[in-house]
Structures are given as structure tokens and as C-alpha cells.
Amino acid sequence: MAFHQFAPSSSLPIWSRVNNPFTPKTSIITSISKPKSKPKSNLKSRSKLRSRSRSSTCYPIQCIVIDNPSSTIINNSDRRSANYGPPIWSFDFVQSLPIQYKGESYTSRLNKLEKDVKRMLIGVENSLAQLELIDTIQRLGISYRFENEIISILKEKFTNNNNNPNPNYDLYATALQFRLLRQYGFEVPQEIFNNFKNHKTGEFKANISNDIMGALGLYEASFYGKKGESILDEARIFTTKCLKKYKLMSSSNNNNMTLISLLVNHALEMPLQWRITRSEAKWFIEEIYERKQDMNPTLLEFAKLDFNMVQSTYQEELKLLSRWWKDSKLGEKLPFVRDRLVECFLWQVGVRFEPQFSYFRIMDTKLYVLLTIIDDMHDIYGTLEELQLFTNALQRWDLKELDKLPDYMKSAFYFTYNFTNELAFDVLQEHGFVHIEYFKKLMVELCKHHLQEAKWFYSGYKPTLQEYVENGWLSVGGQVILMHAYFAFTNPVTKEALECLKDGHPNIVRHASIILRLADDLGTLSDEMKRGDVPKSIQCYMHDTGASEDEAREHIKYLISESWKEMNNEDGNINSFFSNEFVQVCQNLGRASQFIYQYGDGHASQNNLSKERVLGLIITPIPM
């Protein structure tokens, strides 16, 4: 695979554009000897839940155990408090969850249904009907079980039409095929939609507004557009107007919502490309597919059973994590930190939902806990002097620095050490590679950018939007999350990719992190301003331009849309040394961000909507 250099993003001018397993014992690894031969294991598909026991194979590890380190007391000035409430998902509640959909009888039934659906998918003779079935399977959340078959079908359709969608299709069929092909990395030209433009005016034909399914399909397809694809930009603007007009007319009828109306409202709220698979699957099963007259009972039963069985896997993982969290006593040692283990796990349902990735979800949840601790320490509790000391200690990776830290920071520092070393041990087993230096550098960079925001806050400095975003996409932790994901979903790892992740800030990581940062700002602004914080992107834009808050929010949404175009550029990019699987994780981080912060601060706040989302995706099965 060819390599290429990632240049700094050329989209910076848009910032100012007015338009649119920690254990209580602190065992710290200081060196790891590389094994002579690579152990045979599979990090990304390790689905057996572990209690952190290790195999009998041992590698030389030098450790330092510190009991009751000395503490230097730093003046305890009045500290800010976010007054985070206790978690609504208690340890006893999580441990009491019944694992309903486990066992041979469910597995046997699922396997039979899977074979039936596979025959159904392959046996469809009508080309459009086959595309519609693929779309339905995707929206039901079960396409991951038929990836090879779907790719084979789409590849055949692509090559049979000289690498273009079928020219004889109407708008609905053309948009559907375009979206599915783009989704799987096929280079489909946007010019196919010129067939639906008025050749005299160059605008989309007005009668498209009468074809709601066609307009809806074109709207969804437009969100697979890449930077500079003006036809798809025009399509999005045009179809948004069409769909909003239809929504207004439908709402005035005061009748029960039709399925088309539900689909239109759902799409206008957030397009398919930006939605997480599990949430979309639950909504589509319960609100759309069950109510369709042509619903296939086999397909519906399979989708429900798969959803519930995967949910049972999540419940097992969450039980393990809740025991880890309780045993760590971090909630007691760091009472100022958001105690949101279940919410940290909910992120993982958006990032990689498939049942075989249990290990990744467990470790990534612990990473989110670590990032939450560091975030709250910088944003809420730590003094500027303490935060500088913490960054220095992390940068030097020197235990002697701990004597300068207050006790609460020692706990945070030990957790960072232990978690980094646990990850390093697993990466060593999987890849025969010691990655501590890479992960450590990103953790130091993360804290430096957090420290910058703390300096802004204490000095009263108001950054420009460009200053804020250039610092904020690095302080939000996306690059740390995705470094972990790279090792989990890449084999073999390459030196070039690692150096790029560590130093080069690749475009896909940058823009996934920008979406994370900006979605966070949209959802948390009001709460963070109440407790006092550095100005967020919305306020920075208002200060830069004199815009109202509503105008600023629209501009931030526009920036998110522009970052999605940049990420779309990576789909099927043969010049990238990042795998399609890693690109998908980057995109899923963007999706999970928009899901968590869609209606407010879904990470910290525990309102009814946040509770319903946890219940729907992790706790309560879909009725069979």
C-alpha cells in the first residue's frame, strides 16, 4: 500500500467564515523486554471476558511498587465544583441485570435465521429490490453479518455499469445505489445526479419536490459528499428545502404520522451517515419496519434476536467493568470527578458495537474514564499550579515528581501509569511491539492542551475561534482514543502510521476530533457556563463576529458538516496507510459524539432522555 504525507488541513479559513485497570496497588512498568517471537493472539476479536488474569507465558517486566507515597500539601484554595450527582446506575443495579438472551437455544435459532436471510439476500433477482434489501438489512443493524455478500453484490453492480450507477434508474433508485456504493468505498461520480437537473438553469428539477422518496434518497446521499463536490452540496440544500416543506404540510394535516413522514422527520433531525448503528437499528425496528405492510417476519425476528443477544454481551461487559470500577475505589479517591461508568460504556456502543469486540469496548471504557478524570481535574478541580506540576510529572514520566503532587493527583497519575502499562502489555502480546512512548507522548500533549485552556480561564483570555479549535481538538482526547483504536484494529502496525499518529495529526484523526470537540460544545455550553469555564467555540464565534448564539450554533454545525466531508475523503482512499477498519472507527467516533451530545450533555447529565437511551441500548431488550 502506498504511503503519503498528511499536510495540514487547508480548511482553516472556515473557522471565521460567517456563512454557514487501575488497581489500588501502584505497580508501575518501567521497561518491557520484547519477546523473541510474536505471541499468537487476536487483540481485536478477543471476546472472552477476562478478569485480567494472564497466561502462563511471561515476559520480563521491571516494576516498581509504591506503598503510601509521601504527600506534599499544596495550598488548598477555594476550588470550583460542578456538583455532579451520584450515578443513577448503581453497582447493585448493574450486577443484578438478568442476562436473558444467552445460551444454545438462542444461538441455534440465530444461526438458522442468519442462513435464511443470507439465502434471501443472494436470491433476489430484481436489481432494485436487492438494493432495497441491503438498505433494510443495514438499517436493521445486521449488515455486519453479511459484509462479504453485500460487497460482492455491490461490486458486481458497479462493474456491470462501467463503474457507474445504473443510468436507467429514477432518482430514488439512483440515490440509493449511489449512497450504498459510496458507503462501501466505491468511487462513484457525483455527476450521475446531473440527469436530474434542468439543463438550462443548472438547478435540480422543481418536480423532485413531488417525489418525496426520491428527494429523501438524494438528501441522504448528499451526506456522503466530499470536499469540493458542489453537485452534492447543491443537492443537500435543495432537498432540505423540499423535505422541510413536506414536513410542514404533513404536520398541518393533524393525522397520525405516516411512515414516510417519520422517515423525513428522522432524516432532517440527523442524516443516516451521522447516526450510530445501534440507535438507528432500534428506532427502525420499532418505529418503521414492524409497521410496514411488506415486512418480512424472518428478517424482523432475526434483527430483534440479534439486537437482544448483542445487548446481553454488553451487559456482561458492563458487569465486569462495574466490578473493576468498584475495586479501584477511584470514585472515592476522586469525588470531584463525574462518576459515569455506564455513560463511558455507552460511547463504545457507538464506536464498535459488534459482539466480537468485547475487549476493545472494555479497555476503551477504561480509557474514557481516564479522560474524564483528566478533563474534570483540569476544568473543575485543579489549581493552575497543580495542573502545571501534573503535566511536568507526566512529561518526565518520573516517580520522583509524585512527591510534588497533592494526593488526588497521585491517584490520577497512578491510574494513568497503570492503564498505559496494561495497554502496553496487551499490545506487546498482540504485535510484539512496545507502544508506551507513543501513548505517553499523546497523553502529555493532551494535558498540555488542557493546561492551555486552564491558563486562558485563569487569565480571562478570550481565544479566537481558530485558536480555540486548534487547541480544543487536541484537548478533547480524540487522538488518544484513536491511537488505542489503531492498535486494536490494525495488524500489522506500521512505523509510518504510528509516527503519523504521534506527530503528524492525520486528517482523519483531526476531523474526527474536531467533530467530537464541536459536538461537545453544542451539547454542554449552557451547563459549563453556569459553573464557569473557558469560552467555547460558540462564544468564540460570537466574540469574533458579533453573531447571535443561534447564528453561532448554526456556524458550528456547518463546521461539523465540513469535517464530515473531510472524513468522507478517506473512504476507499488507496493511498492511505490506514485500514478501512480504522477509518470506520474514526468515523464512528464522530457519530458517537453527535449521538451523546445530540440533546445536551449526554455524558454528564442524567436526565430522562439520557436514561432512556441507556435503557434502550444496554438494559431493556426489544420485545420479541
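These residue numbers are counts, starting from 1, taken along the chain as shown.
Yeah, the Cβs are placed from backbone N, Cα and C, and that goes for glycine too.
Database features, via Swiss-Prot:
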type: TRANSIT; residues: 1-50; note: transit peptide
type: REGION; residues: 27-54; note: region 'Disordered'
type: COMPBIAS; residues: 35-53; note: compositional bias 'Basic residues'
type: BINDING; residues: Arg338, Asp375, Asp379, Arg517, Asp520; note: (2E)-geranyl diphosphate binding site
type: BINDING; residues: Asp375, Asp379; note: Mg(2+) 1 binding site
type: BINDING; residues: Asp375, Asp379; note: Mg(2+) 2 binding site
type: MOTIF; residues: 375-379; note: motif 'DDXXD motif'
type: BINDING; residues: Asp520, Thr524, Glu528; note: Mg(2+) 3 binding site
Return the residues near Asp375 ((2E)-geranyl diphosphate binding site), defined as same-chain residues 6+ apart in sequence whose C-beta is under 8 angstroms from its C-beta, sorted by sequence, else 'none'.
His450, Gly477
Work through the binding-site residues one by one (Arg338, Arg517) and point out the residue whose CB has the fewest other CB atoms within 10 angstroms.
Arg338
For (2E)-geranyl diphosphate, with binders Arg338, Asp375, Asp379, Arg517, Asp520, what's the maximum Cα separation in whole Å?
18
Taking every residue in the motif 'DDXXD motif' (375-379), what is their average pLDDT?
94
Please report the three-state DSSP label of Asp375 ((2E)-geranyl diphosphate binding site).
helix
Pop the Cα-Cα gap between Thr524 (Mg(2+) 3 binding site) and Asp379 ((2E)-geranyl diphosphate binding site) into the table, whole Å please.
13
Alpha-carbon distance [Thr524 (Mg(2+) 3 binding site); Arg517 ((2E)-geranyl diphosphate binding site)] in Å:
11
For the Mg(2+) 3 site (Asp520, Thr524, Glu528), what does the 8 A shell look like? I mean other same-chain residues with CB within 8 A of the CB centroid.
Asp521, Gly523, Leu525, Asp527, Asp533, Lys536, Tyr597, Asp601
Secondary structure of Arg517 ((2E)-geranyl diphosphate binding site) (DSSP, helix/strand/coil):
helix
10 Å Cβ neighbour count around Asp520 ((2E)-geranyl diphosphate binding site)?
22
Cβ packing number for Asp379 ((2E)-geranyl diphosphate binding site), 10 Å threshold:
20
Express the distance between the Cα positions of Arg338 ((2E)-geranyl diphosphate binding site) and Glu528 (Mg(2+) 3 binding site) as a whole number of Å.
14
